[in-house]
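*Asks:* Attaching a single structure in structure tokens format; questions to follow.
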Amino acid sequence: MALLTQAPKGTQDVLPRDSYKWQYVEGLAMEIARLYGFQEMRVPTFEHTELFNRSVGDTTDVVQKEMYTFLDKGNRSITLRPEGTAGMARAAVQNGLLNEALPLKVSYLVSCFRYEKPQAGRLREFHQFGAEVYGSDSPACDAEVIAMVGEIFDTLGVRDLRLELNSIGCPECRARYHKALKEYFAAHMDELCDTCRERLEKNPMRILDCKSPVCHKIAKDAPKVLDYICEGCSAHFEGVKARLDALGMPYVVNPTIVRGLDYYTKTVFEFVTDQIGAQGTVCGGGRYDGLLAEIGGPKLPGIGFAMGIERLLKVMDACGAEFPEQPACAIYIGSIGEAASVKAFALVNELREEGFWAECDTMGRGVKAQMKYADKLGCRLSCILGDNELESGRANVKNMRTGETHEVAFDDLIDFVYDAQVAVLTESIRETEINP
Ligand code: HAM
């Protein structure tokens, strides 16, 4: 029976007391992306398995070990998306979006599914905010995307994130690099895990992100891709760096970043923190100039990124980033007796129509229990309606924080609640001015 009240391993609930943080972070990221010209796209949670095999790559850990794949009742192989890029690319091709004005810029909020070993910051269902640009191969586009990520983190108050940058070149550079890797790893053949031994022939670069400790150790001294990239890719990388320099955006070149997904070409990047333990990559992305053609679309370049919302919230907590105050109930209108309860119900409705969070009793509680509930909700104001109030058309409205009371006519209640809200806002602005 315990199973019924226990969520599956590696999943997390977002509780009412925390959901405002999610809404804040997601809303702000989407809003900044809008200023950079991105529009939201929503795609299905599951796709044909083949899409991920082709795009993410069938020798990656994600495809080989981590996908939630099943046969549906029509005997089709279906996979819950392990990431957002493949589905976005599929949707852009299928819906003819790439025949319209380019570059096409899309943003998204998606849940992703990977059967990984759960640990702090690593879940089996997690959430990403991401964005993709299709149609531009200019280094300006890479720098623009990276700058946007930087601005999102800055606006959210995330500090001490390191931008790590690398270039993994084009298919020609890759062929040279693969040759060098094969020679290097062949000398360690006996020590590699079974999966990596298979990878050695097909895709030796994937050995570099194997999670087995032995392979990981061997990979540390492997040849670095930056030493094998061609002149064109090198110039492209210089172009990206020059634009980040022009923005004064700090970065470090980390020649060991290859990313765990096969579709990348040229620029790859990660935003990394040391503040949340081993899973410190909060955002990852890069260019993928062959992906759209690989899945049957036009021969157009692309670039994008995704940040993990769970990791982002973790790093915000760790570095003391501020969240806006949790919204509070503006007024609780308590009541004694049926007639007063009906009046309270009507007044609350009017207040809600004016955009205020207002509450009244729906539990048939006594007045003491009603006030206890109002207190627990953290209501800013409260009043109690009884026969006298109904007769006079006025109520004593109490400020729950200061204890002050004011007699207010029912007709003036909306104005009174409005003034009280303004006073709270002014107070909090003054406080942030004194203690910024
Ligand atoms: P990724 O590096 O696999 O890239 O994931 C992006 C981010 O998702 C990570 O940096 C991390 O914050 C979060 N993440 C990944 N796996 C987990 C997990 N098991 N638990 C919690 N968070 C996780 C991609 O997914 C690419 N599609 C990014 C991209 C977009 N590249 C180009 N466009």
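Positions of Cβ are set from backbone N, Cα and C atoms, glycine also.
For Glu83, Gly84, Thr85, Arg114, Gln128, Glu132, Arg259, Tyr263, Tyr264, the entry in TrEMBL reads L-histidine binding site. The domain 'Aminoacyl-transfer RNA synthetases class-II family profile' annotation in TrEMBL covers 33-324.
Help me see these features in their spatial surroundings.
*Replies:* Proximity of Glu83 (L-histidine binding site) to non-local residues of its own chain (separation of 6 or more, Cβ distance below 8 Å) is seen for Val56, Val62, Cys112, Gln128, Leu261, Ala306, given in sequence order. DSSP classifies Glu83 (L-histidine binding site) as coil under the three-state reduction.
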*Asks:* Look up Gln128 (L-histidine binding site) in the DSSP assignment and reduce it to helix, strand or coil.
*Replies:* strand
*Asks:* Where ligand 1 binds, which of the binding-site residues Glu83, Thr85, Gln128, Tyr264 are close by, with Cβ under 6 Å?
*Replies:* Glu83, Thr85, Gln128
*Asks:* In sequence order, which residues at least six apart in the same chain have a CB under 8 Å from the CB of Thr85 (L-histidine binding site)?
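*Replies:* Residues satisfying the criterion: Ser55, Gly130, Glu132, Leu261, Tyr263, Tyr288, Leu291, Gly304, Ala306.
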*Asks:* CB neighbours of Arg259 (L-histidine binding site) within 10 A?
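*Replies:* Its Cβ shell of radius 10 Å holds 21 other Cβ atoms.
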